[in-house]
Amino acid sequence: MSDFNQPVSGNDLARFAGLQTFMRLPVAPSADGLDVGFIGIPMDIGTSWRSGTRFGPKQLRQESAMIRPYNIQTGAAPFDSLQCADVGDISINTFSLADSLKIIEAKYDEILKHPIIPMGLGGDHSLTLPVLRAMAKKHGPVALVHVDAHADVNDEMFGERETHGTVFRRAYEEGLIKPSKVWQIGLRGTGYTAEDFTEAAGWGFNQRLASSLWHKPLDMLGKEIVASIGDQPCYITYDIDSLDPSFAPGTGTPEIGGLTTMQAMELIRNLRGLNIVGCDLVEVSPPYDTTGNTALTGANIMFEMLSILPGVKVR
Ligand code: MN
Ligand code: MN
């Protein structure tokens, strides 16, 4: 018997049976005693185009039932050394984005009193701003790996300063992140102005356009990011729309010409060594995910991020 929580095995209970938690882990009533907590943030009221990410946490949990505990290709055995559990969903106010962001921040403040790495299941990308507010209170400004088709650095959308498209401008203005230790990977598509991305480069953000990564392996980029960030506390925010819509169509603001699933795995696997203090996987929109492939991919990306957390044994 392991001292650590284990996912329910598909040989003990059929994978299509049982309560839906992330990777069939136990539910924990609080963050107490946990190294890692998966936390659902079912929200889509920060989106600007297609909605539906309110159903993301449910669908990510459902598709995660297929994932087995050992990462065969990397040798990572996260459940051999980390105490992991699903801590449930945050009770947002679906009628108020502003209120919801306050609720998310308060919930993260509470769980970050414990030495836990929260892994957020989104939800639209606006959730990352209150998470970073809580993270900065605990760790100071954090390094950031932001994988996304979009830089999410608009100033306002319809006069609103807190939306899924304004997160990283607010995080920069509020000093929640270290600009020279921000890496935005996979940017592409069309913009409102010619300077949509380059303004943030002027703040110090390191940006890689998807087109500069086409047909290339991303292992060296991962290593470059690790060398650049060093031992700084680092948050990883993974927007599923960084992937090409042929791989991940079930999302709110798809952009063609994106990363492949293989590049996503190469990138994350080569981020091992970062001092990761939290992660999220956002923008999975099940109503547009008719095959379940987007949520399946998102759940596996979550597992890849789990596999590189500090303290994970590699066999
Ligand atoms: Mn985004
Ligand atoms: Mn995006």
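Every residue gets a Cβ built from N, Cα and C, even glycine.
Keep in mind the model is a prediction, meaning the values are calculated, not measured.
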(request) Would you identify which residue of HIS125, HIS139 TrEMBL lists as part of the Mn(2+) site it also attributes to ASP148, HIS150, ASP152, ASP239, ASP241? (result) HIS125
(request) Ten-angstrom check, please: count other Cβ atoms within 10 Å of the Cβ of HIS150 (Mn(2+) binding site), all chains counted. (result) 26
(request) Would you mind pulling the DSSP three-state label for HIS125 (Mn(2+) binding site)? (result) helix
(request) Inside 10 Å of the Cβ of ASP148 (Mn(2+) binding site), count up the other Cβ atoms and send me the figure. (result) 26
(request) Look at each of the binding-site residues, ASP152, ASP239, ASP241, and point out the one with the fewest other Cβ atoms around it within 10 Å. (result) ASP152
